[in-house]
């Protein structure tokens, strides 16, 4: 276990600097698209633009959001507070805001370099590495990395938290939880693709809304404690609080680390769902995915964090093992959130968190399967029938494995997996940011002319974007009113 901790520190310490630096660079280069294009994000989100080969922007949004809004929004936030103090929440928000630019770039690249495989749009990390960088060998490595992470490692984190939350709430043996979780996942992923999309499209918004509403109710019922909690979060994040003053570095490190785990901006996880959308311009899906970062971290994750801090339902232990503050006698994770809800609604927290985590986890597992399938199709080039079946069985088996093993082991392995893929993807994004930035400039120019943006790679000098070449049937160009700043949005996508 100590060996895994050493590897994690070796991977994550420099990665945190790279993540923040690159996100800040993209924020400047995009002229803070996170704010200036926010109205467009909302308009594009609800546009009906699905086709026979692709899904709508909203379906792509819910598909990628389902992978972002997983157990990290509950257990991940709790571990961030436990290791970095309340200030970690502040740095999670900072990372989410800056990471929106990173999400835009990688999702736009996924659209630019997507392909049609077996009648469906596919794209993501290996596709834009091969077509954008011309590095097929590296693309194969990326596909293997991603498929390993999302079929063998990441599912374990989801199922482990399902088992732990049900054991904490109802005393259910993890073996039983593992068996049920594996069976339910098998039922979902052995069905047709439309069942996957239909599941996440309906479940994710419903469960996320219910979770946020519960958080709002708890904050209202503890309204007098909210100002003090917000002050504590900010002061400890900046090293100004007497109790957490020496934990500013830990707050930054764990805030960025858990934000990356929750919203995966830069890891490339959202690129596979983004590529599946039917849009007339890659920048449109880039903007939609930028908004998904806000929903995941600034709304759902902060709902967890504020509940925990406002109700004093957390413990903080520094890197040396010293107890800074201890309000509970439970391990960091879903139990923090359960205690926060129980403080206001006694006896209800365990059941609510267990059910919420189950839905979050299953929607995330469905998204993981889509990611694995996209990478497998890339490696097979659309050929072969047995490998997808074996992939399904492997995921079901790992869900069982993750549920019956210690949480500390599962999280340690998961952190290594995410950091490894993040390093690979961030390095590639450094070389591929130019086409995504060119797409944004083209989008801005067409919007100013009152045109619903339509992408032409030849005009921008972008090579190997075969899907977008003239002659392919694309949405007709439509005209809207000339854009007076930020208030006007396209009427269609």
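The backbone N, Cα and C atoms fix where each Cβ goes, and this holds for glycine too.
The structure displayed is predicted, hence computed values, not measured ones.
Residue ranges 119-136, 137-154, 155-172 are listed, and TrEMBL annotates 137-154 among them as transmembrane segment.
Annotated range for transmembrane segment in TrEMBL, selecting from 420-440, 441-461: 420-440. TrEMBL lists transmembrane segment at one of the ranges 30-47, 174-191, namely 174-191.
Given the ranges 271-290, 291-310, the record in TrEMBL names 291-310 as transmembrane segment. Residue ranges 329-350, 351-372 are listed, and TrEMBL annotates 351-372 among them as transmembrane segment. If you look at the transmembrane segment (174-191) against the transmembrane segment (393-414), you find at least three C-beta pairs under 8 angstroms, all six or more positions apart, and that counts as contact. The transmembrane segment (291-310) is in contact with the transmembrane segment (89-113), judged by 3+ CB-CB distances under 8 Å for residue pairs 6 or more apart in sequence. Of the ranges 12-28, 89-113, 137-154, 203-226, 351-372, the one with the most Cβ pairs under 8 Å to the transmembrane segment (232-256) is 89-113.
Annotation: stretch 89-113 has the most Cβ pairs under 8 Å to the transmembrane segment (12-28), among 60-83, 89-113, 137-154, 203-226, 351-372.
Most Cβ pairs under 8 A with the transmembrane segment (203-226) among the ranges 89-113, 137-154, 351-372 are made by 351-372. The transmembrane segment (137-154) and the transmembrane segment (89-113) are not in contact, since fewer than 3 Cβ pairs between them lie under 8 Å (pairs 6 or more apart in sequence).
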